[in-house]
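Peer 1: Pasting in a structure now, in structure tokens, and then I'll have a few things to ask.
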Amino acid sequence: MSTYDKIREIETEMARTQKNKATAYHLGTLKAKLAKLRRELIAPAKSGGGTGEGFDVAGTGVARVGFIGFPSVGKSTLMSKMTGTFSEVSEVEFTTLTTVPGVLHYKGAKIQILDLPGIIEGAKDGKGRGRQVIAVARTCSLIFLVLDVLKPLTHKAVIERELESVGIRLNKEPPNIVFRKKDKGGINMTSTVNLTNLDQDIVRSVLSEYRIASADISFRCDATVDDLIDVIEGNRVYIPAVYVLNKIDQISIEELDLVYKIPHAVPISAHHEWNFDELLEKMWEYLNLVRIYTKPKGMLPDYSAPVVLKKDRSAVSDFCNAIHRGILKEFSHALVWGNSVKHNPQKVGKEHVLLDEDVVSIAKRK
């Protein structure tokens, strides 16, 4: 029996099984088996010529945004209008057959935009070029799920399910579970919160499916079986996503009000370039970037070319490394103007965390 058939068999069995406390142990085992099979399916082939011509592209800029959606929802039009990069546009499905890269300059940051081939249901099983599309999607800093507002909203659920099946978690944080395999000592399970979805038997059933006999597991959140499997697999990626609902020029104001109620959604018209400002602001917010301006000694700050950093990696040391790796060797201190300090300027060390639009002047050791 092929891997595809095994997956379908387990999915059918899970769909038939009622969800209650009595079946939780059995469902936990099935989910673990399913995760292992899907890992086999999406793993890169060891032979056979790589991922396919025109797919993964070299990274440029401070972040990468991938456009994912069904064929002919307007991804290519949106990319052309945003970046000036031509990506073939047509009413025919599957016009884009390879990854088309472009660059967007926004708030001083250089952001790579990727127009990916249209995803179809079953992409996780290797249909069309689904496996290659998903492999590139895993490398993105942010995903734009481009949807046709005239099509059923079930398309959104289909894409979410496809991405979820291959280890891409949208708008989620990694579960707060500490997992450590051991050579001996059995299963040691602790929790700092009340677990409503798991018990010792379910955890043991999942671990036995992975042939793990000894491990320390500490739950610091009310985790589910899926959370536990994600931590054991260790290959999940957590990516923010914006739902870009295109073609709003063809709906009524009342329908537009309903669209705005969808979480993480931005309605636009790619053809007319409507609401691009809101889309770009949302992109900036979800990418979690900060701009830091340089101030050479005795000169005015340079506001034309900010150093753009990730918000969770925006210490003075990160700022120095972004300019040149050798700066830290001669670093003495930094003078900072902005929201991250109480006084302007304030003398700080390399561990100081910078905030958006701070101005920094580096002093070298004498």
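Backbone N, Cα and C atoms are what each Cβ position is placed from, and that goes for glycine too.
TrEMBL feature annotations, pasted as is:
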- 63-288: domain 'OBG-type G' (DOMAIN)
- 288-364: domain 'TGS' (DOMAIN)
Peer 1: Could you count the residues of the domain 'TGS' (288-364) that DSSP puts in helix, in strand and in coil?
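Peer 2: Per DSSP, the residues of the domain 'TGS' (288-364) fall into 15 helix, 34 strand, 28 coil.
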Peer 1: Please compute the mean pLDDT of the model over the domain 'TGS' (288-364).
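Peer 2: Within the domain 'TGS' (288-364), the model's average pLDDT equals 95.
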